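Okay, so here's the structure we're looking at.
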């Protein structure tokens, strides 16, 4: 909550002090005159409505009017619409709908960010089995380098909450609840589809371990084909549920943009039609020529928009003029790559067997905990897959928010590095400090001052004393946190 409050404060200050850049971004006209209260809301929160946020707010207000709006999945704008017309309905005499939608976005994202941090903490406790490491990771999430997208009218905070909670429930064995949350996540962002891999791996691992219990116990198991059939049906049903929201939305887009003309252009306000003519946007269900994707064997509007409007594709971004964007993505690329290498080099056999082998060490002694524990394997694979796809097929600068809202690895590994290499965190009460290293007492700045036991605050207050590695990690988080608010909220290029 404090992070969200600070983000709102700083974006308002930056937005007031720095004039907006004249960016070639989606900027629909306002259809009604603002009241003094509307002006106040725009003055305080307008920096959170820029770039893609304008699409979400427009969809919540007018629906999927233009073809390229369909790149933004419906769960988040539907949530904005519900809050603006429901909980904020008493404000309709003071604020027009767009202002209420913007206010809804700020309130919802503050809530989702706090819930996502709590879910990440609980997930870390289950997977890492180190309470303080999980707590430190959750604190780092609150200082995320993708913070501006958690605060602005983007779907990242909602997606992080749904994805982290689904992962946590799956770790607890709540498969159906996890499947429902993963399904909702795929209705918020398209990369939620890859989360079906968590359920597939969970079921496959359980089956593989059952086959390794020994010949005596194996006779007591049901027939193998029955197990395989049960596993296959469970995986198919859960995967279908996760893919369902995305598939239904593609069908909706097909009906809206490929169906017969409905004379929609006679009900759309003229300023919005004029915007379509000026910018070359394709409105829905008009009597003109149908979009090319309508005639494809599998008409998927999402991939068509990514290809046609934003030139997203394999290695398309590898151009000399994109070097600054690759530099923007370099910190998160290095951090996640380092995390993958650390995990693989520590657990080579576990990785080669995909974690499906029941090792003797797991049976005879307590398995390793912390970042390199066996349970973290699937999360490392997930983060690595997202990194490889984003680096090769997407606008590479979005990697920071892409990984920051989808994978716990960015925060777990950062917490791991801080706990392993920062002496100021080797205090009495920390779990498993590095063996053979002295445990320091309270830091000088916090001794006797009643400073709360917040390890991130402790490190920041002792900036001169911390190691270069700690400065690099916290500097990355802090710089991207502030730069994101400064640049994004003034229509300047960012991640």
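Using the three backbone atoms N, Cα and C, a Cβ is placed for every residue, glycine included.
For reference, TrEMBL has these:
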type	residues	note
TRANSMEM	101-121	transmembrane segment
TRANSMEM	133-155	transmembrane segment
TRANSMEM	176-201	transmembrane segment
TRANSMEM	228-249	transmembrane segment
TRANSMEM	326-344	transmembrane segment
TRANSMEM	376-396	transmembrane segment
TRANSMEM	473-494	transmembrane segment
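Long-range contacts of the transmembrane segment (176-201) within the same chain, counting only residues at least 6 positions beyond its ends with a Cβ under 8 Å from a Cβ of the stretch, are 73-76, 155-156, 158-159, 162-163, 165-167, 169-170, 235, 238-239, 241-246, 249, 302, 378, 381-382, 385-386, 402, 405-406.
Tertiary neighbourhood of the transmembrane segment (101-121): same-chain residues 1, 3-5, 8, 41-42, 45-46, 48-49, 53, 56-57, 60-61, 79-81, 83-84, 87-88, 91, 95, 134-135, 137-139, 141-142, 150-154, 157-158, 160-161, 164-165, 167-168, 408, 411, selected by CB-CB distance under 8 Å and a gap of 6+ residues from either end. Sequence-distant contacts of the transmembrane segment (473-494) (same chain, six or more residues past either end, CB-CB distance under 8 Å): 7, 10-11, 14-15, 18-23, 25, 47-48, 50-51, 140, 143-149, 151-152, 328, 331, 335, 397, 400, 414, 417-418, 456, 459-460, 466.
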